[in-house]
Amino acid sequence: RLAGYPRKHNEGRIELFYKGEWGTICDDDFSLANANVLCRQLGFVSATGWTHSAKYGKGQGKIWLDNVQCGGGEKSIELCKSRGWGNSDCTHDEDAGVVCKDERIPGFVDSNVIDAHVDENKVEEVQLRPVVAMAKKKMPITEGVVEVKYKDGWAQICDIGWTIKNTRVVCGMLGFPHERKVNKNFYKLYLERQKNYFHIHSVACLGTEVHLAACPLEFSKPNATSACTDGMPAVVSCMPGPLFMQNSGLKKKLKISSNVRLKGGSRVGEGRVEVLKDNEWGTVCDDRWNLQSASVVCRELGFGSAKEALTGGRLGQGMGPIYMNEVKCVGQERSIWNCPFKNITMEDCQHMEDAAVRCNIPYMGLENTIRITGGRTRYEGRVEVLSLDSNGTQSWGLICGESWTTKEAMVACRQLGLGYANQGLQETWYWDSSNVTEMVMSGVKCTGSEMSLSQCQHHKTVSCQKAAAKFAAGVICSETASDLVLNASLVQQTVYIEDRPLHMLYCAAEEDCLSKSAAKANWPYGHRRLLRFSSQIHNIGRADFKPKAGRHSWVWHACHGHYHSMDIFTHYDLLNANGTKVAEGHKASFCLEDTDCQEGVSKRYECANFGDQGITVGCWDLYRHDIDCQWIDITDVKPGNYILQVVINPNYEVAESDFTNNAMKCNCKYDGHRIWLHNCHIGDAFSEEAERRFEKYPGQLNNRIS
């Protein structure tokens, strides 16, 4: 695993798990070849560098390997030459680290970050075999005989001494938060007629385990014929969370937590953990973060137990407060808020240490009804979906490319299990390799959070202007994505009004940064009244934010002396109480670069000299209040109470992991001479109640700022 800080998810101190404990590697004789072997073992395509002298902090415990010398082609670090396990003359001051190329090996299964270290030869796979005919057709399967993978088939568990705690563990593994009582008599009749093979004859879980293999198990003796006298195969019934409920009546009764949420994950049931306190969302620090605490979060959100507890901001960093540290759940708690934890001070933790989870979710088989064809890698291609034709036979078909955007592509990539959408494509003539030609879906409109395309709105009957296969929808998916967020408090701190003479605004007028009435002004006499503020845009995601357009299509702005790489990068608007625009907000196009970065991250992008444009992970792009166009023209606005709104990447031109944090809003009071902003916040930072209060801002009644 990679550990230490400060670091990105593709770099860190190398730690190896051996004989039940984690330890480090000494940097003596270390080489890029060693780093290549380690990076591939971690699922990255290769290494770009390595570090010595405990650059990512000193490890603890054992130093497992020393004088490691790999050729570079080895499948695993243990196949390389070294002094042998546990034999070293180093201290932790010499702990080695690696920097891996931020590109995953296609199809690589991420090993657990904080592992549920289970003895592999015991029990790996567990399934529920439905017995009732009705249950077999419906997904997910919530009730049935518990079966464990054994040799080439499946075996049963004897139910003598079986407890509800065992059921809780099995349900959690299979993605269900709660367990239900089961009608044993019904099953007894049915199962007596079947031949059963009992591989396990007793299970004694505590109920807090995340995997059946972590429970004390007794295996049947190979030659014992009556392994389960007086018993029958164990049967369980689980209660799915509201997302996976078929029965809508029950859905309403099932409450999931309203003060915990997951953000920034690509799959359902994964993300950075955020908790609500005093009407504002904040994050959880990863000290002591483990599978038990992660499971409490997963279950309270309607998922099963945790598959992984992720540390070090692995699913992106949050913004705003950090509320909890050293969370120590037992695993039985109803909510993370019921677990012991420490309140946080800024010295203890930074957002680089934000905790995240991947939860077990029920198998829905959604990935079996979609595929992509024709791409150069398994991450791209033309989308084909399985549908029923008029005869009731299943066949694959295409999706009309019209109105297909990044949001729809996000859902397709999620359904495919391929992470985030990098791009949604409206024509795919260059991926023409399949004999599927019929359009079976059109007018697809997703919010972006759906689990599959079938949950999005779409036309009842297909209507597609360009029905040829070359205009079918396509996607490019990616394991990582950027995530842009505006620094809300800086807007509040830097706001002011300037009356700027028209003779200084020729350039701005040329770039469309003034409202229409400016054209009628008596140039160069007179002035425009401008609402000015600084925008600091952070990339808190896991991939650099790069403009969609290649540099060949960037536009040179002679006036300002640089290239604009995105036509519309942000919208600046002033709205009145009912949401109509009172000032013609303009659509700012910028040149994107790294102004500054957090500690340990180096700048990559700059606008000067036709340089590469973008914003690196962990860096920000600052547009100071005193640069051209960094304003709203409020010359025609009457005094009153308004909402200032800034939206980044408004057309979803560039892929992000989370679009819910792209808008920033402030209450704004303008008395005709001065301006005040307060309650500036990111669109998803407040609780629903606080957001309602914000919208109903009472300042209209008097001229005091309430």
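The backbone N, Cα and C atoms fix where each Cβ goes, and this holds for glycine too.
Per TrEMBL, disulfide bond is recorded for CYS26-CYS90, CYS39-CYS100, CYS70-CYS80, CYS205-CYS215, CYS285-CYS349, CYS298-CYS359, CYS329-CYS339, CYS446-CYS456. Annotation source TrEMBL lists domain 'SRCR' at 1-101, 128-239, 260-360, 370-478.
Structure coloured by features recorded in TrEMBL.
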residue	record	Cβ contacts under 8 Å, 6 or more apart
CYS26	disulfide bond	ILE63, LEU65, ASP66, ASN67, VAL68, SER88, CYS90, GLU94, ASP95, ALA96
CYS80	disulfide bond	ASN34, VAL37, VAL68, GLN69, CYS70, GLY71, GLU74
CYS100	disulfide bond	ASN10, GLU11, ALA35, LEU38, CYS39, LEU42, PHE44, SER46, ALA47, THR48
CYS205	disulfide bond	THR163, LYS165, ASN166, ARG168, VAL169, LEU212, CYS215, PRO216
CYS285	disulfide bond	ILE322, MET324, ASN325, GLU326, ILE344, ASP348, CYS349, GLU353, ASP354, ALA355
CYS329	disulfide bond	GLN292, SER293, SER295, VAL296, ILE336, CYS339, PRO340
CYS446	disulfide bond	LYS407, GLU408, MET410, VAL411, LEU453, GLN455, CYS456, GLN457
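Of all the disulfide-bonded residues listed (CYS70, CYS90, CYS349), CYS90 has the fewest other CB atoms within 10 A of its CB. Within 10 Å of the C-beta atom of CYS339 (disulfide bond) sit 19 other C-beta atoms, taking all shown protein chains into account. For the domain 'SRCR' (1-101), the predicted model reports an average pLDDT of 91. Remark: of the disulfide-bonded residues CYS39, CYS359, the most isolated position is CYS39 (fewest other Cβ atoms within 10 Å of its Cβ). Neighbour density around each Cβ, counted as other Cβ atoms within 10 Å, peaks among the disulfide-bonded residues CYS215, CYS298, CYS456 at CYS298.
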